[in-house]
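Contents: one structure, followed by commentary.
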Amino acid sequence: MATGNGTGYLGVTPPISTSESSERERQVTETLMEELKKQGTFESDEESRNREIVLGRVAALVKKFVYEVSLSHGLSETAANAAGGKIFTFGSYRLGVHGPGTDIDTLCVVPKHVSREDFFEVFEKLLREAEGVGEVSGVPEAYVPIIKTKISGIPIDFLMARLALSSIPDDLTLRDDNLLRNLDERCIRSLGGSRVTDEILRLVPNVTVFRDALRCIKLWAQRRAIYSNVMGFLGGVAWGMLVARICQLYPNAIAGAIVSRFFIIMYQWSWPQPVLLKQIEDGPLNVRVWNPKIYPGDRSHRMPIITPAYPSMCATHNVTASTQMIMTEEFKRGAEIVDRVIVGSANWSELFSKHDFFHRYRYYLQVIASTGSADLQIKWAGTVESRIRQLVMKLEYVDTLTLAHPFIKGFEQVSYCQTDEEVRAVAQGDISETVRKRKKEEIEGHEGASVVHSTTFYIGLAIEPKPVGAVGPRRLDISYPTTEFTKLVKMWEKFDEAKMGIVVRHIKSSALPDSVFDQGERQPRSGVKRPNKSIKGSGQSNNTSPDMPNKKRRSSHMGPDSLSSLSTSHILKSTATDNGFSALSTLPTSTPVVEVPPIPTYTTSSKDMPDIKSPHLPFGENVAVATGTAGA
């Protein structure tokens, strides 16, 4: 095992344990792999071969692209052939944890005379002309410019990086930091994905164990609805780095043991102590490297997980107080289930049970983005989605709101409307069964008919229990956060009031649409008391019970909310015009007081619940070793 740090071990601290896994851990690892196969996380041999064939075609296409651009720049045929061009995969495919139907993140590395304009003009054209290629969508203005397509049914996301080299040899690797010299920021960002992925694989003691454990954690995070960087949870790279860190701390353990320790250590982690796979290094560029001692913004990161490739960055800057609390509770749940799996009183399938987000709260916020065009909707909904986290952070400052829980994806709907009233209702989130079932053919030739594309995002609201002795309804005023959020999304440089709609409104759990539930999944019933689940308490250590932004310790429960009424900020007024869907104005509205049956008050402070057992490592293993605080 090559450590590269002169210490004899991988990582920034010594391992917690170098012991081999027990016989029982070997048994549960076998059952884990059987469960992962049963859950459909592995692709078939045929699909694996198809991916390899497609990547071979892509590699040849990139060389052809560089060759054609080289000739257009006046290079000789010999020089154009020698200019090369190479692809590097990254993300879940490169890590070896991809599943059926997942995309392949692919980086195209080209020589210095090939421009980004060439990538979106010449290469995109070559893609469109290639056999077996479906729709091709280039987004040159993205933060990391990208081309999305499908080749032989396999989704592929293409990035491009232009190196300061006259040719790209076939044996090129991207590990040398000096390759970043004289590159623009977009090229450095594009290279980052591949460099980080390769470095993660280099820094784990056993790649097979790492992949098996990560496949488990990835499935768990997806099923529990905490797999989303944009919504303030963790993305694939961050989950990969967490698993890699546990592998470093237990270099001789197998997957079942890694998964068990993962949940316990992540639950007990002393945030904002950063998770590092190696010491942060300086490099040849005058670029910002994560450093909380210098940058105030870096000090604000709640769960910093730092990329191991230069320039090191925080992969989790989107995490908010609410999403940290939710993930902490999920770590605890995972630890408890795996503990029971090891003693034989539970099965792995329990770990992967579906989230209960749409059964968990009494009230939800709906954020509805709408347009009259499919292409425009992709961009508008993406813009709104990227700013949901800002709304969550503003909601966290509302006094009696203890948690704002964003769901990890939006729900898309295409509605075929025959009247202005139907358009207005759809834009406000009120889609009748008639409109929901209506087909496109039913509005063809109908005067005044229009198509509305909408994407609805959800935020669950947890409310503080009503104070003892308090009587009458309460009003939770969230008008400021929602108004500010509406202003924020409208500041998008391409926002068009006449074509785009935005609505923020609250609904009761009983009013959630059928579309958010799986077929046969029972919807929550209004007024039914459900068991209260603590987020902050439950025996959690002081280090892992995060404060809300105002630094006031708040109790939080993930069950029914003691709430009598809400005030929301805006309901969209919209009309159909000759040009299609038009969002004309936002009108302030007030919500009438709604009486809610009394709900029992639950104590959630950890000091008041000494009987709750916190997950802990086996005897002789000390989590403080992982953070370098043991014996301090």
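First residue shown is number 1, and so on along the chain.
Just so it is clear, glycine is given a Cβ too, placed from its N, Cα and C backbone atoms.
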Listed range which TrEMBL flags as region 'Disordered', given the options 1-28, 281-308, 421-448:
1-28
Pairwise C-alpha maximum, in angstrom, for the residues (F90, G91, S92, D103, I104, D105, D157, K218, Y227, G236, V237) that bind ATP according to the record
20
Which ones in the same chain are close to I104 (ATP binding site), with CB under 8 Å and 6+ residues apart in sequence?
R51, V54, L55, T89, G91, Y93, H98, I154, P155, I156, D157
Could you check which of the binding-site residues F90, S92, Y227, V237 is the closest Cα neighbour of D103 (Mg(2+) 1 binding site)?
S92
Return the member of F90, S92, Y227, V237 nearest to D105 (Mg(2+) 1 binding site) in space, with distance defined Cα to Cα and candidates limited to these binding-site residues.
F90
The domain 'Poly(A) polymerase central' (209-354), counted residue by residue under DSSP: helix, strand, coil
74 helix, 6 strand, 66 coil
Across F90, Y227, listed as binding-site residues, the smallest other-CB tally within 10 A is for Y227
Could you tell me the mean pLDDT over the domain 'Poly(A) polymerase central' (209-354), as a whole number?
96
